[in-house]
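Report on the following structure.
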Amino acid sequence: MPPKPADKKPASKAPATASKAPEKKDAGKKTAASGDKKKRTKARKETYSSYIYKVLKQVHPDTGISNRAMSILNSFVNDIFERVATEASKLAAYNKKSTISSREIQTSVRLILPGELAKHAVSEGTKAVTKYSSSTK
């Protein structure tokens, strides 16, 4: 039997907000239970696999590569990238600059890679930057 109007207690603010919260939860349940399930998109994993494969085909057109070898090379590229970026960041901080330029990248490559490998990397990097600069103009 419903209570008489005289028996009702004056409403306080706490129960009013408490009664609103379940309504919001119910609204959330209704949308979930309605069957409008969105198909989850698979998280894209960024790798260097396609680039590694292209370089492999330039150097050895008739040679393939296993998934395990590709994974190892991808880890290697990520590791070198992280080392160069960290070193370039330190160099920029030492020189009180907020921007990493090609000069910091070049210096960090010289510091990280040994001897002849550093020379080849710097020359290839310079060639790539020159090619990019000429194509954007």
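The backbone N, Cα and C atoms fix where each Cβ goes, glycine too.
The compositional bias 'Basic and acidic residues' annotation in Swiss-Prot covers 1-10.
Marked as SUMO cross-link by Swiss-Prot on the basis of similarity to another entry: Lys8 (among others).
The annotation SUMO cross-link is assigned in Swiss-Prot to Lys9 (among others).
As annotated by Swiss-Prot, SUMO cross-link applies to Lys24 (among others).
Residues or ranges marked as SUMO cross-link by Swiss-Prot: Lys25 (among others).
For Lys131, the entry in Swiss-Prot reads ubiquitin cross-link, with the evidence type similarity to another entry. In the three-state DSSP scheme, Lys131 (ubiquitin cross-link) falls into the helix class. Under a cutoff of 8 A between CB atoms, and with a sequence separation of 6+ in the same chain, Lys131 (ubiquitin cross-link) has no neighbours.
Taken from Swiss-Prot, the feature N6-acetyllysine applies to Lys8 (among others), supported by similarity to another entry.
The feature N6-acetyllysine is assigned by Swiss-Prot to Lys9 (among others), with similarity to another entry given as support.
Look at Swiss-Prot and you will find Ser12 tagged as phosphoserine.
Residues annotated as N6-acetyllysine in Swiss-Prot: Lys13 (among others).
Taken from Swiss-Prot, the feature N6-acetyllysine applies to Lys24 (among others), supported by similarity to another entry.
Residues or ranges marked as region 'Disordered' in Swiss-Prot: 1-45.
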